[in-house]
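J.: Can you keep this structure in mind? I'll have questions shortly.
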Amino acid sequence: MEVMTPLIENPGGVGQEEENSEEDQDPELLPVRHYELGNSHQGITFTQALIHLLKGNIGTGLLGLPLAVRNAGVIVGPLCLVLMGVVCVHCMHILVNCSHHLCERLKRPPLGYSDTVAFSMEHSSYQCFRKSARFGRHLVNFFLVLTQLGFCSAYFVFLAENIKQVAPVPLPTMVPSEPWALDLRLYMLFFLPFLILLVFMKDLKNMAVLSLLANVCMAVSVIIIFQYITTDFGDLHRLPLTSPLGKFPFFFGTAIFAFEGIGVVLPLENQMKEPKRFPTALNIGMGITIVLYVVLATLGYLHFGDDIKGSITLNLPHNAWTNQMVKILYSFGVFVSFAIQFFVPAEIMIPPVQARLRKSWRAPCEMILRGLLVCLTFSFAVLIPRLDLVISLVGAVSSSALALVFPPLVELITFSDRPLKPAMLVKDLVIAVVGFIGFLAGTYVTLAEIVSPEEPPEVIREAAQNLTVNII
(Lines of atoms letter the chains of each structure in order from A and count residues from 1; the text may use other names and numbers.)
(Lines give C-alpha, C1' and ligand atoms only; values in the text may rest on other atoms or scores of the structure.)
Protein backbone atom coordinates (compact mmCIF):
# COMPACT_ATOMS: atom_id res chain seq x y z
CA MET A 1 0.00 0.00 0.00
CA GLU A 2 1.39 3.38 -0.87
CA VAL A 3 0.79 5.73 2.06
CA MET A 4 0.91 9.43 1.38
CA THR A 5 2.54 12.08 3.54
CA PRO A 6 -0.65 13.90 4.66
CA LEU A 7 -1.67 10.76 6.55
CA ILE A 8 0.48 12.06 9.41
CA GLU A 9 -1.38 14.75 11.30
CA ASN A 10 -0.18 17.21 13.86
CA PRO A 11 0.03 15.26 17.11
CA GLY A 12 -1.08 18.23 19.08
CA GLY A 13 -4.15 19.01 17.03
CA VAL A 14 -6.76 18.71 19.75
CA GLY A 15 -4.70 20.17 22.49
CA GLN A 16 -3.71 23.20 20.42
CA GLU A 17 -7.22 24.21 19.43
CA GLU A 18 -7.56 26.70 22.28
CA GLU A 19 -4.11 28.17 21.57
CA ASN A 20 -5.09 28.81 17.95
CA SER A 21 -8.56 30.12 18.68
CA GLU A 22 -7.66 33.75 17.98
CA GLU A 23 -6.23 32.84 14.58
CA ASP A 24 -9.23 30.67 13.75
CA GLN A 25 -11.48 33.69 14.22
CA ASP A 26 -9.60 35.69 11.58
CA PRO A 27 -10.72 34.66 8.08
CA GLU A 28 -7.44 35.81 6.57
CA LEU A 29 -5.49 33.40 8.78
CA LEU A 30 -7.71 30.39 8.22
CA PRO A 31 -5.95 27.59 6.33
CA VAL A 32 -7.40 26.39 3.07
CA ARG A 33 -10.09 23.80 3.74
CA HIS A 34 -10.54 20.68 1.68
CA TYR A 35 -13.85 21.82 0.28
CA GLU A 36 -12.14 24.97 -1.05
CA LEU A 37 -9.48 23.10 -3.01
CA GLY A 38 -11.59 23.04 -6.12
CA ASN A 39 -10.45 26.58 -6.95
CA SER A 40 -6.81 25.77 -6.32
CA HIS A 41 -4.29 25.02 -9.06
CA GLN A 42 -2.61 22.51 -6.77
CA GLY A 43 -3.72 19.00 -5.98
CA ILE A 44 -4.15 15.72 -7.81
CA THR A 45 -6.54 14.97 -10.63
CA PHE A 46 -9.39 12.46 -10.69
CA THR A 47 -7.26 9.96 -12.64
CA GLN A 48 -4.31 10.34 -10.27
CA ALA A 49 -6.57 9.75 -7.28
CA LEU A 50 -7.96 6.63 -8.94
CA ILE A 51 -4.43 5.28 -9.57
CA HIS A 52 -3.41 5.99 -5.98
CA LEU A 53 -6.50 4.14 -4.73
CA LEU A 54 -5.60 1.11 -6.80
CA LYS A 55 -1.98 1.19 -5.62
CA GLY A 56 -3.14 1.66 -2.04
CA ASN A 57 -5.21 -1.52 -2.07
CA ILE A 58 -3.34 -3.90 -4.36
CA GLY A 59 -0.36 -5.40 -2.56
CA THR A 60 0.77 -8.63 -0.90
CA GLY A 61 -2.71 -9.19 0.50
CA LEU A 62 -3.96 -9.86 -3.03
CA LEU A 63 -1.70 -12.90 -3.39
CA GLY A 64 -2.98 -14.43 -0.15
CA LEU A 65 -6.67 -14.31 -1.06
CA PRO A 66 -6.83 -17.78 -2.71
CA LEU A 67 -5.88 -19.20 0.70
CA ALA A 68 -8.64 -17.09 2.25
CA VAL A 69 -11.17 -18.65 -0.14
CA ARG A 70 -9.95 -22.12 0.87
CA ASN A 71 -10.73 -21.24 4.49
CA ALA A 72 -14.28 -20.19 3.60
CA GLY A 73 -15.27 -22.43 0.69
CA VAL A 74 -15.39 -22.02 -3.06
CA ILE A 75 -18.88 -20.47 -2.91
CA VAL A 76 -18.95 -18.77 0.49
CA GLY A 77 -15.45 -17.31 0.04
CA PRO A 78 -16.09 -15.17 -3.07
CA LEU A 79 -19.50 -14.08 -1.77
CA CYS A 80 -18.02 -13.01 1.56
CA LEU A 81 -15.19 -11.21 -0.25
CA VAL A 82 -17.72 -9.15 -2.18
CA LEU A 83 -19.71 -8.43 0.99
CA MET A 84 -16.59 -7.46 2.93
CA GLY A 85 -15.47 -5.22 0.07
CA VAL A 86 -18.83 -3.41 -0.04
CA VAL A 87 -18.79 -2.89 3.73
CA CYS A 88 -15.18 -1.62 3.66
CA VAL A 89 -16.03 0.86 0.88
CA HIS A 90 -19.04 2.03 2.89
CA CYS A 91 -16.78 2.57 5.92
CA MET A 92 -14.42 4.61 3.74
CA HIS A 93 -17.35 6.80 2.71
CA ILE A 94 -18.33 7.14 6.37
CA LEU A 95 -14.84 8.40 7.21
CA VAL A 96 -14.91 10.94 4.38
CA ASN A 97 -18.39 12.19 5.32
CA CYS A 98 -17.41 12.61 8.98
CA SER A 99 -14.28 14.51 7.98
CA HIS A 100 -16.39 16.80 5.75
CA HIS A 101 -18.88 17.45 8.51
CA LEU A 102 -16.20 18.29 11.09
CA CYS A 103 -14.25 20.54 8.70
CA GLU A 104 -17.34 22.56 7.82
CA ARG A 105 -18.65 22.67 11.37
CA LEU A 106 -15.35 23.62 13.04
CA LYS A 107 -13.79 25.56 10.14
CA ARG A 108 -10.76 23.35 10.31
CA PRO A 109 -8.19 22.44 7.62
CA PRO A 110 -8.33 18.96 6.09
CA LEU A 111 -8.37 16.20 8.67
CA GLY A 112 -6.62 12.84 8.67
CA TYR A 113 -7.84 9.64 10.27
CA SER A 114 -6.73 10.29 13.86
CA ASP A 115 -7.75 13.96 13.63
CA THR A 116 -11.24 12.95 12.54
CA VAL A 117 -11.58 10.59 15.49
CA ALA A 118 -10.16 13.11 17.98
CA PHE A 119 -12.31 16.06 16.87
CA SER A 120 -15.46 13.97 16.65
CA MET A 121 -14.95 12.91 20.27
CA GLU A 122 -13.94 16.37 21.48
CA HIS A 123 -17.09 17.98 20.05
CA SER A 124 -19.46 15.18 20.97
CA SER A 125 -22.56 15.91 23.00
CA TYR A 126 -21.41 13.33 25.57
CA GLN A 127 -18.88 14.42 28.19
CA CYS A 128 -17.24 10.99 28.42
CA PHE A 129 -16.23 11.22 24.77
CA ARG A 130 -14.98 14.78 25.13
CA LYS A 131 -12.66 13.77 27.96
CA SER A 132 -11.31 10.86 25.91
CA ALA A 133 -10.52 12.78 22.71
CA ARG A 134 -6.75 12.62 23.17
CA PHE A 135 -6.99 8.91 23.95
CA GLY A 136 -8.93 8.42 20.70
CA ARG A 137 -6.15 10.07 18.72
CA HIS A 138 -3.48 7.94 20.37
CA LEU A 139 -5.54 4.78 19.87
CA VAL A 140 -5.89 5.35 16.13
CA ASN A 141 -2.20 6.21 15.81
CA PHE A 142 -1.37 3.04 17.74
CA PHE A 143 -3.34 0.89 15.31
CA LEU A 144 -1.86 2.74 12.33
CA VAL A 145 1.65 2.00 13.62
CA LEU A 146 0.71 -1.59 14.44
CA THR A 147 -0.80 -2.13 10.99
CA GLN A 148 2.09 -0.63 9.04
CA LEU A 149 4.78 -2.43 11.04
CA GLY A 150 2.74 -5.61 10.60
CA PHE A 151 2.77 -5.08 6.85
CA CYS A 152 6.56 -4.67 7.00
CA SER A 153 6.91 -7.94 8.92
CA ALA A 154 4.78 -9.69 6.32
CA TYR A 155 7.09 -8.25 3.66
CA PHE A 156 10.11 -9.82 5.39
CA VAL A 157 8.48 -13.26 5.26
CA PHE A 158 7.25 -12.74 1.68
CA LEU A 159 10.71 -11.75 0.43
CA ALA A 160 12.40 -14.65 2.20
CA GLU A 161 9.95 -17.32 1.02
CA ASN A 162 9.92 -16.20 -2.61
CA ILE A 163 13.67 -15.64 -2.96
CA LYS A 164 14.31 -18.99 -1.27
CA GLN A 165 12.37 -20.66 -4.09
CA VAL A 166 14.21 -18.67 -6.76
CA ALA A 167 17.72 -19.05 -5.31
CA PRO A 168 17.86 -22.01 -2.92
CA VAL A 169 21.18 -22.35 -1.10
CA PRO A 170 22.00 -26.00 -0.36
CA LEU A 171 24.35 -26.70 2.54
CA PRO A 172 26.53 -29.82 2.54
CA THR A 173 25.84 -32.46 5.16
CA MET A 174 27.27 -35.80 6.18
CA VAL A 175 24.95 -37.33 3.59
CA PRO A 176 25.75 -35.74 0.19
CA SER A 177 22.44 -36.86 -1.29
CA GLU A 178 20.47 -34.99 1.42
CA PRO A 179 21.73 -31.39 1.60
CA TRP A 180 20.18 -29.00 4.07
CA ALA A 181 18.29 -26.03 2.71
CA LEU A 182 19.29 -22.67 4.12
CA ASP A 183 16.87 -21.69 6.89
CA LEU A 184 14.18 -19.17 5.95
CA ARG A 185 15.28 -16.85 8.78
CA LEU A 186 18.73 -16.53 7.23
CA TYR A 187 17.13 -15.19 4.06
CA MET A 188 15.35 -12.60 6.21
CA LEU A 189 18.69 -11.72 7.81
CA PHE A 190 20.16 -11.22 4.35
CA PHE A 191 17.51 -8.60 3.55
CA LEU A 192 17.83 -6.81 6.92
CA PRO A 193 20.79 -4.46 6.15
CA PHE A 194 19.40 -3.55 2.73
CA LEU A 195 15.99 -2.65 4.17
CA ILE A 196 17.65 -0.58 6.91
CA LEU A 197 19.54 1.37 4.25
CA LEU A 198 16.33 1.75 2.26
CA VAL A 199 14.38 3.34 5.14
CA PHE A 200 17.17 5.88 5.63
CA MET A 201 15.61 7.61 2.60
CA LYS A 202 13.33 9.93 4.56
CA ASP A 203 11.72 11.76 1.65
CA LEU A 204 9.29 9.71 -0.42
CA LYS A 205 9.86 12.04 -3.38
CA ASN A 206 13.34 10.54 -3.73
CA MET A 207 11.71 7.15 -4.29
CA ALA A 208 9.44 8.24 -7.14
CA VAL A 209 11.36 6.32 -9.81
CA LEU A 210 11.73 3.21 -7.65
CA SER A 211 8.03 3.35 -6.79
CA LEU A 212 7.09 3.56 -10.47
CA LEU A 213 9.31 0.59 -11.31
CA ALA A 214 7.83 -1.36 -8.39
CA ASN A 215 4.29 -0.72 -9.60
CA VAL A 216 5.17 -1.85 -13.13
CA CYS A 217 6.86 -5.01 -11.83
CA MET A 218 3.87 -5.93 -9.65
CA ALA A 219 1.42 -5.28 -12.49
CA VAL A 220 3.40 -7.49 -14.88
CA SER A 221 3.55 -10.21 -12.22
CA VAL A 222 -0.22 -10.18 -11.69
CA ILE A 223 -0.80 -10.46 -15.45
CA ILE A 224 1.51 -13.49 -15.68
CA ILE A 225 -0.20 -15.10 -12.67
CA PHE A 226 -3.59 -14.67 -14.33
CA GLN A 227 -2.23 -16.14 -17.56
CA TYR A 228 -1.01 -19.22 -15.67
CA ILE A 229 -4.04 -19.96 -13.47
CA THR A 230 -6.51 -19.60 -16.36
CA THR A 231 -4.93 -22.53 -18.21
CA ASP A 232 -6.62 -25.08 -15.94
CA PHE A 233 -9.53 -24.58 -13.54
CA GLY A 234 -9.46 -28.12 -12.20
CA ASP A 235 -12.52 -30.04 -11.04
CA LEU A 236 -14.95 -27.84 -9.13
CA HIS A 237 -16.54 -30.86 -7.44
CA ARG A 238 -13.32 -31.73 -5.58
CA LEU A 239 -13.49 -28.48 -3.57
CA PRO A 240 -15.86 -27.83 -0.66
CA LEU A 241 -18.58 -25.27 -1.26
CA THR A 242 -18.33 -24.17 2.37
CA SER A 243 -15.71 -24.69 5.05
CA PRO A 244 -16.19 -25.37 8.78
CA LEU A 245 -17.00 -22.32 10.89
CA GLY A 246 -13.76 -22.78 12.81
CA LYS A 247 -11.73 -21.94 9.69
CA PHE A 248 -13.67 -18.77 8.90
CA PRO A 249 -11.63 -16.51 11.27
CA PHE A 250 -8.57 -17.28 9.14
CA PHE A 251 -10.55 -16.11 6.10
CA PHE A 252 -11.54 -12.93 7.92
CA GLY A 253 -7.99 -12.02 8.92
CA THR A 254 -6.55 -12.63 5.46
CA ALA A 255 -9.37 -10.86 3.63
CA ILE A 256 -9.42 -7.76 5.83
CA PHE A 257 -5.62 -7.57 5.48
CA ALA A 258 -6.11 -7.26 1.73
CA PHE A 259 -8.54 -4.33 2.07
CA GLU A 260 -5.74 -2.22 3.46
CA GLY A 261 -6.42 1.10 1.75
CA ILE A 262 -8.52 2.96 4.32
CA GLY A 263 -5.42 4.82 5.49
CA VAL A 264 -5.02 6.56 2.12
CA VAL A 265 -8.67 7.64 1.75
CA LEU A 266 -8.58 10.96 3.61
CA PRO A 267 -5.13 12.01 2.33
CA LEU A 268 -6.26 11.43 -1.25
CA GLU A 269 -9.55 13.26 -0.77
CA ASN A 270 -7.72 16.17 0.87
CA GLN A 271 -5.27 16.47 -2.03
CA MET A 272 -7.76 16.37 -4.90
CA LYS A 273 -8.36 19.42 -7.04
CA GLU A 274 -12.05 18.54 -7.08
CA PRO A 275 -12.83 16.83 -3.75
CA LYS A 276 -16.51 16.52 -4.68
CA ARG A 277 -15.52 13.92 -7.30
CA PHE A 278 -13.69 11.75 -4.79
CA PRO A 279 -16.70 9.53 -3.92
CA THR A 280 -16.93 8.60 -7.60
CA ALA A 281 -13.21 7.83 -7.74
CA LEU A 282 -13.54 5.78 -4.57
CA ASN A 283 -16.42 3.73 -5.96
CA ILE A 284 -14.65 3.08 -9.28
CA GLY A 285 -11.28 2.29 -7.73
CA MET A 286 -12.65 -0.01 -5.06
CA GLY A 287 -15.01 -1.63 -7.56
CA ILE A 288 -12.04 -2.57 -9.75
CA THR A 289 -10.18 -3.77 -6.66
CA ILE A 290 -13.05 -6.00 -5.47
CA VAL A 291 -13.45 -7.56 -8.92
CA LEU A 292 -9.70 -8.23 -9.12
CA TYR A 293 -9.70 -9.73 -5.62
CA VAL A 294 -12.64 -12.05 -6.24
CA VAL A 295 -11.44 -13.25 -9.65
CA LEU A 296 -7.84 -13.94 -8.58
CA ALA A 297 -8.90 -15.54 -5.29
CA THR A 298 -11.45 -17.83 -6.95
CA LEU A 299 -9.37 -18.83 -9.97
CA GLY A 300 -6.26 -19.33 -7.84
CA TYR A 301 -8.11 -21.66 -5.49
CA LEU A 302 -9.75 -23.52 -8.38
CA HIS A 303 -6.36 -24.07 -10.03
CA PHE A 304 -4.28 -25.16 -7.02
CA GLY A 305 -7.03 -26.51 -4.78
CA ASP A 306 -6.22 -27.33 -1.17
CA ASP A 307 -2.49 -27.11 -1.94
CA ILE A 308 -2.71 -23.30 -2.10
CA LYS A 309 -0.11 -21.54 0.06
CA GLY A 310 0.12 -18.21 1.88
CA SER A 311 1.04 -16.47 -1.38
CA ILE A 312 -0.03 -17.80 -4.76
CA THR A 313 3.48 -17.09 -6.07
CA LEU A 314 4.77 -19.91 -3.84
CA ASN A 315 2.60 -22.39 -5.78
CA LEU A 316 4.04 -21.50 -9.17
CA PRO A 317 6.22 -24.33 -10.54
CA HIS A 318 9.97 -23.79 -10.64
CA ASN A 319 10.43 -25.26 -14.12
CA ALA A 320 9.39 -22.14 -16.05
CA TRP A 321 11.47 -18.99 -16.18
CA THR A 322 8.34 -16.83 -16.32
CA ASN A 323 7.19 -18.17 -12.96
CA GLN A 324 10.57 -17.43 -11.42
CA MET A 325 10.47 -13.96 -12.96
CA VAL A 326 7.09 -13.36 -11.29
CA LYS A 327 8.63 -14.04 -7.87
CA ILE A 328 11.59 -11.77 -8.58
CA LEU A 329 9.51 -8.90 -9.96
CA TYR A 330 6.91 -9.02 -7.21
CA SER A 331 9.65 -9.30 -4.58
CA PHE A 332 11.25 -6.14 -5.97
CA GLY A 333 7.90 -4.37 -5.72
CA VAL A 334 7.46 -5.52 -2.13
CA PHE A 335 11.04 -4.50 -1.30
CA VAL A 336 10.39 -0.93 -2.44
CA SER A 337 6.97 -0.88 -0.76
CA PHE A 338 8.64 -1.63 2.57
CA ALA A 339 9.98 1.92 2.77
CA ILE A 340 6.59 3.39 1.82
CA GLN A 341 4.80 1.37 4.50
CA PHE A 342 7.51 2.26 7.00
CA PHE A 343 6.98 5.99 6.47
CA VAL A 344 3.81 6.11 8.60
CA PRO A 345 5.12 4.58 11.85
CA ALA A 346 8.37 6.52 11.50
CA GLU A 347 6.55 9.84 11.21
CA ILE A 348 4.29 9.03 14.15
CA MET A 349 6.90 7.64 16.56
CA ILE A 350 10.15 9.46 15.83
CA PRO A 351 9.23 13.22 16.04
CA PRO A 352 8.06 13.03 19.71
CA VAL A 353 11.38 11.41 20.63
CA GLN A 354 13.38 13.99 18.69
CA ALA A 355 11.54 16.82 20.44
CA ARG A 356 13.10 15.73 23.74
CA LEU A 357 16.67 15.82 22.40
CA ARG A 358 19.19 18.49 21.56
CA LYS A 359 19.20 19.60 17.96
CA SER A 360 22.64 18.09 17.33
CA TRP A 361 21.41 14.69 18.47
CA ARG A 362 18.20 14.58 16.43
CA ALA A 363 19.60 13.41 13.09
CA PRO A 364 21.69 10.49 14.44
CA CYS A 365 18.86 9.56 16.81
CA GLU A 366 16.44 9.36 13.89
CA MET A 367 18.74 7.02 12.00
CA ILE A 368 19.13 4.79 15.06
CA LEU A 369 15.37 4.67 15.68
CA ARG A 370 14.66 3.86 12.05
CA GLY A 371 17.13 1.00 12.19
CA LEU A 372 15.66 -0.29 15.46
CA LEU A 373 12.11 -0.23 14.05
CA VAL A 374 13.23 -2.28 11.05
CA CYS A 375 14.90 -4.73 13.45
CA LEU A 376 11.61 -4.90 15.36
CA THR A 377 9.70 -5.94 12.23
CA PHE A 378 12.50 -8.41 11.45
CA SER A 379 12.21 -9.93 14.94
CA PHE A 380 8.45 -10.37 14.56
CA ALA A 381 8.96 -12.08 11.20
CA VAL A 382 11.62 -14.38 12.67
CA LEU A 383 9.26 -15.36 15.50
CA ILE A 384 6.42 -16.13 13.05
CA PRO A 385 8.09 -17.25 9.80
CA ARG A 386 4.80 -18.23 8.15
CA LEU A 387 3.31 -15.77 5.71
CA ASP A 388 -0.27 -16.97 6.11
CA LEU A 389 -0.17 -16.56 9.90
CA VAL A 390 1.48 -13.13 9.79
CA ILE A 391 -1.12 -11.87 7.31
CA SER A 392 -4.02 -13.34 9.30
CA LEU A 393 -2.75 -11.92 12.62
CA VAL A 394 -2.09 -8.42 11.29
CA GLY A 395 -5.45 -8.39 9.54
CA ALA A 396 -7.42 -9.60 12.55
CA VAL A 397 -5.68 -7.44 15.17
CA SER A 398 -5.22 -4.07 13.52
CA SER A 399 -6.77 -3.92 10.04
CA SER A 400 -10.19 -4.94 11.39
CA ALA A 401 -10.13 -2.05 13.86
CA LEU A 402 -9.15 0.58 11.29
CA ALA A 403 -11.42 -0.69 8.50
CA LEU A 404 -14.54 -1.92 10.31
CA VAL A 405 -14.69 -0.93 13.99
CA PHE A 406 -13.63 2.72 14.15
CA PRO A 407 -15.50 4.25 11.14
CA PRO A 408 -19.09 3.33 12.21
CA LEU A 409 -18.38 4.37 15.81
CA VAL A 410 -16.96 7.69 14.58
CA GLU A 411 -20.15 8.27 12.59
CA LEU A 412 -22.32 7.70 15.67
CA ILE A 413 -20.15 10.05 17.75
CA THR A 414 -19.89 12.74 15.06
CA PHE A 415 -23.65 13.01 14.60
CA SER A 416 -24.60 12.45 18.23
CA ASP A 417 -25.78 16.08 18.44
CA ARG A 418 -28.77 15.27 16.24
CA PRO A 419 -31.45 12.56 16.41
CA LEU A 420 -30.00 9.39 14.93
CA LYS A 421 -32.03 7.39 12.44
CA PRO A 422 -32.72 3.86 13.70
CA ALA A 423 -31.41 2.42 10.42
CA MET A 424 -28.06 4.21 10.83
CA LEU A 425 -27.78 3.17 14.47
CA VAL A 426 -28.46 -0.49 13.73
CA LYS A 427 -26.21 -0.52 10.65
CA ASP A 428 -23.24 1.06 12.43
CA LEU A 429 -23.55 -1.15 15.49
CA VAL A 430 -23.79 -4.29 13.36
CA ILE A 431 -20.66 -3.37 11.37
CA ALA A 432 -18.71 -2.52 14.53
CA VAL A 433 -19.81 -5.69 16.34
CA VAL A 434 -18.97 -7.91 13.36
CA GLY A 435 -15.56 -6.25 13.13
CA PHE A 436 -14.97 -6.77 16.83
CA ILE A 437 -16.02 -10.45 16.64
CA GLY A 438 -13.65 -10.90 13.71
CA PHE A 439 -10.93 -9.24 15.75
CA LEU A 440 -11.42 -11.62 18.69
CA ALA A 441 -11.94 -14.84 16.73
CA GLY A 442 -9.23 -14.12 14.14
CA THR A 443 -6.69 -13.19 16.79
CA TYR A 444 -7.52 -16.27 18.88
CA VAL A 445 -7.24 -18.87 16.12
CA THR A 446 -4.07 -17.33 14.69
CA LEU A 447 -2.33 -17.13 18.06
CA ALA A 448 -3.44 -20.71 18.80
CA GLU A 449 -1.87 -21.87 15.54
CA ILE A 450 1.33 -19.91 16.31
CA VAL A 451 1.66 -21.19 19.88
CA SER A 452 0.71 -24.82 19.11
CA PRO A 453 1.56 -25.52 15.47
CA GLU A 454 1.76 -29.24 16.25
CA GLU A 455 -1.82 -29.24 17.54
CA PRO A 456 -4.21 -31.05 15.15
CA PRO A 457 -6.05 -28.49 12.96
CA GLU A 458 -9.38 -30.01 13.97
CA VAL A 459 -8.77 -29.12 17.62
CA ILE A 460 -8.02 -25.49 16.79
CA ARG A 461 -11.00 -25.21 14.43
CA GLU A 462 -13.33 -26.70 17.05
CA ALA A 463 -12.08 -24.27 19.70
CA ALA A 464 -12.44 -21.35 17.27
CA GLN A 465 -15.95 -22.46 16.36
CA ASN A 466 -16.96 -22.64 20.02
CA LEU A 467 -15.44 -19.20 20.66
CA THR A 468 -17.28 -17.67 17.69
CA VAL A 469 -20.61 -19.20 18.71
CA ASN A 470 -20.18 -18.04 22.31
CA ILE A 471 -19.36 -14.47 21.21
CA ILE A 472 -22.39 -14.34 18.91
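From the backbone N, Cα and C atoms, a Cβ is placed for every residue, glycine too.
Sequence annotations record features per position, and here TrEMBL assigns region 'Disordered' to 1-26. Annotated compositional bias 'Acidic residues' per TrEMBL: 16-26, in sequence order. For 43-447, the entry in TrEMBL reads domain 'Amino acid transporter transmembrane'. The transmembrane segment feature in TrEMBL is assigned to 75-98, 139-160, 180-200, 207-229, 249-268, 280-304, 324-346, 367-384, 390-413, 425-447.
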J.: Please identify the stretch among 207-229, 280-304, 390-413 with the greatest number of Cβ pairs below 8 Å relative to the transmembrane segment (249-268).
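T.: That would be 390-413.
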J.: So if I exclude everything within five residues of the ends of the transmembrane segment (367-384), which remaining residues of that chain have a CB under 8 angstroms from its CBs? That is, six or more out.
T.: 149-150, 152-157, 160, 185, 188-189, 192, 195-196, 199-200, 342, 345-346, 349-350, 353, 390, 393, 450
J.: Report, as numbers and ranges, every residue of the chain located at least six residues beyond the transmembrane segment (207-229) whose Cβ falls under 8 Å of a Cβ in that stretch; write 'none' if there are none.
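T.: Apart from its flanks, the transmembrane segment (207-229) reaches 2, 55, 58-59, 62-63, 201, 296, 299-300, 302-304, 312-313, 316, 322-323, 325-326, 329-330, 332-333, 335-337, 339-340.
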J.: If we skip the immediate neighbours and take only residues 6+ beyond the ends of the transmembrane segment (390-413), which ones have a Cβ under 8 Å from one of its Cβ atoms?
T.: 60-61, 64, 87-88, 91-92, 94-95, 97-98, 113, 116-117, 120-121, 124, 126, 129, 140, 143-144, 146-147, 150-151, 153-154, 157, 249-250, 252-260, 262-263, 310, 380-381, 384, 420, 424-425, 427-429, 431-432, 434-436, 438-439, 441-443, 445-447, 450
J.: Counting only CB pairs under 8 A, let me know which of 75-98, 180-200, 324-346 has the most with the transmembrane segment (425-447).
T.: 75-98
J.: How about long-range neighbours of the transmembrane segment (75-98): same chain, 6 or more residues beyond its ends, C-beta under 8 Å?
T.: 65, 68-69, 113, 116, 120, 241-243, 251, 255-256, 259, 261-262, 265-266, 269, 278-279, 282-283, 286, 289-290, 293-294, 297-298, 301, 403-404, 407-408, 410-411, 414, 431
